[in-house]
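According to Swiss-Prot:
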type	residues	note
TRANSMEM	4-24	transmembrane segment
TRANSMEM	25-45	transmembrane segment
TRANSMEM	59-79	transmembrane segment
TRANSMEM	86-106	transmembrane segment
TRANSMEM	130-150	transmembrane segment
TRANSMEM	156-176	transmembrane segment
TRANSMEM	205-225	transmembrane segment
TRANSMEM	241-261	transmembrane segment
TRANSMEM	282-302	transmembrane segment
TRANSMEM	303-323	transmembrane segment
TRANSMEM	331-351	transmembrane segment
Amino acid sequence: MNRIFFILVAAGVPLSVIGSLMHWPSAVLFAVYCVTIIALASYMGRATESLSIIAGPRIGGLLNATFGNAVELIISLFALKEGLTGIVLASLTGSVLGNLLLVAGLSFFVGGLKYKRQEFNIHDARHNSGLLIFAIIVAFVIPEVFSVGMGNASKLNLSIGISIIMILLYVAALYFKLVTHRGVYQPNNAAQTEEEEEPEWSGKVATIVLFAATIVVAYISENLVHTFHSVAEQFGWSELFIGVIIVAIVGNAAEHASAIIMAFKNKMDIAVEIAVGSTLQIAMFVAPVLVICSIFFPTSMPLVFTLPELVAMVSAVLLMIAISNDGDSNWFEGATLLAAYVIMAIGFFLL
């Protein structure tokens, strides 16, 4: 897999530069940009993981929290700069649906084909359930309900206030998990496994890779955003479909692959943490940061989703909680999550 990503980066980065300079067709550029970003995201993930192991569990957890969805954040910032707030909100929706239904579904399904029953930490599952309900059902639904009788300025002020609260609670959740209650709910062999882990790269190499990959992703993301309109017209895609399906998958593809591989190796704690942890990071950190950053762009972005987006996200949260709160999984539960994702994808495609 690493060799494939290396080839994609080695070919994709030059092609991205040449294609943008020579003004290749938008559809070709769109495909090249997407594949290259996916490959670069894998390098960012591996560099972050190496730095996390070297820095220790607490700093490592903070690094993962900061860079875990860096690609999604970068793409969204450039989309905000272009005033594409609909695509940004849709990509946030897509990340939630993709992580809770597609990634968790594939992880449960692929792992379940090899193992009849897989277990993961039930305490983490229940702790994350509460945060999911807060982040999606409370923090995302309330702005929609209250904004009905509000003007644009009031909507933005409400969204900024909610965003600040969400970031503070996310920091508190990290402090709870990494400091005050670290290891309290972990199985006895978790610490031993963690101690045996070796970084793939040295600190210097990982830092250089992370820095270089971030710069290149930023460059390609800016060009990718410029292809959205023409690609949407050419293929008949709506802004919702581009954001919910395309941008969300491109921004998280490398992380998605990692979760599925972990499930196949029966490391379900890691697979579930990637799926649910990434969802919480998107909802409680990336979305609020984008709302706050939007006030510095010509077009601000209140945290107000469309009704289909809200219904889809709430449904995904409730389904994931119902399936994961028992602390075990099987292939049929994975198939159920995947079926829900396909139904929602069809709905967004037809909107």
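Using N, Cα and C of the backbone, Cβ positions are placed for all residues, glycine too.
Only residues 6 or more beyond the boundaries of the transmembrane segment (205-225), in the same chain, are considered here, and those with a CB under 8 A from a CB of the stretch are 13, 16, 20, 29-30, 33-34, 36-37, 40-41, 43-44, 46-48, 50-51, 54, 67, 70-71, 74-75, 78-79, 81-82, 84, 199, 250. Using the rule of three or more Cβ pairs under 8 Å, pairs at least 6 apart in sequence, the transmembrane segment (156-176) is in contact with the transmembrane segment (282-302). With pairs at least 6 apart in sequence, the transmembrane segment (130-150) and the transmembrane segment (303-323) have 3 or more Cβ pairs within the 8 Å limit; the two touch. For the transmembrane segment (241-261), the neighbouring stretch richest in Cβ pairs under 8 Å, chosen from 25-45, 86-106, 130-150, 282-302, 331-351, is 86-106.
Against the transmembrane segment (331-351), stretch 86-106 has more CB pairs under 8 A than any other of 86-106, 130-150, 282-302.
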